[in-house]
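Step one of this worksheet: look at the structure below.
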């Protein structure tokens, strides 16, 4: 499935229906008077957050959305029907911005959340509305009001419990594939992962969602590489798993590079709870493993987890560590 996390959309609510000019026509009633009904309201444009979506790709193929015009008023004081609404269905985690792509309109953070982006125009008054003591038979009615027209931006920030960060080839996609049913593309070259992947991990009968984003390189916060574009997807996570490949010559430098990029990006990423793990340890002998684990522990200030997604070594411990932080964060949110 293709991934799209930002797109521009054009929306227009429906125009109001016109009021009717009509007069009562009945046998034996010579001066029946006006009976033109009001026009119906135009349809609204709504946005709704739904489960089962994790990309905005559908909006690549349709960018224009217009609600229906209200039905015109009719004789016998009949009001026109309201125009049909249009609903944009977006993934949970989608933010809606004004045309400047900076002013936030609404953040769709819960399944079923709905928000009206544009209200339909009011229907026009029929001529019955204008009857007065000085004008018993008005021969005019109002047209309906025009609907709203605007350009908006949709920006997706995936909602996951844990986020995987690290340099390209740190083993993030292999980790995700080993502990979830997600099947990201895996190969031994940088930037194999070109867009975020989500997976559901289960440990001790408890589930949580993991997001894997493309690898970060030095200068990522300034737009170097592709990882910076997707850092927003781990802003909402409760914990980061920072993977450092055992194949790196200098594991301390690799750790510090990513740490610096997270700090430079901002968005609260540098303050987020972080678990550091030395990954791909199956490629090292015992002596090399001890040396690199010691160097990484010195750089990050705590002994790193030692894992291999290929042999499954350390995977259970890593998942339990993530689950523990997530559970503590959720408990804190509930108390607040």
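A Cβ is built for glycine as well, from the same backbone N, Cα and C atoms used for every other residue.
Summarising the annotation, Swiss-Prot assigns domain 'Obg' to 1-159.
The domain 'OBG-type G' annotation in Swiss-Prot covers 160-327.
The GTP binding site annotation in Swiss-Prot covers 166-173, 191-195, 212-215, 279-282, 308-310 and rests on sequence analysis. Using a 10 Å Cβ-Cβ cutoff, residue 169 (GTP binding site) registers 22 neighbours.
Look at Swiss-Prot and you will find 173, 193 tagged as Mg(2+) binding site. In the three-state DSSP scheme, residue 173 (Mg(2+) binding site) falls into the helix class.
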### Query
So how many other Cβ atoms are close to residue 280 (GTP binding site), meaning within 10 Å of its Cβ?
21
#### Entry: Rounded to the nearest Å - Cα separation of residue 214 (GTP binding site) and residue 173 (Mg(2+) binding site)
9
### Task
Rounded to the nearest Å, what's the C-alpha distance separating residue 280 (GTP binding site) and residue 173 (Mg(2+) binding site)? Just drop the number here, would you?
12
### Query
Of all the binding-site residues given, 173, 308, which has the fewest Cβ neighbours within 10 Å once its own Cβ is left out?
308
### Message
I'd like to know which of these binding-site residues, 166, 214, is least surrounded, judged by other CB atoms within 10 A.
### Response
214
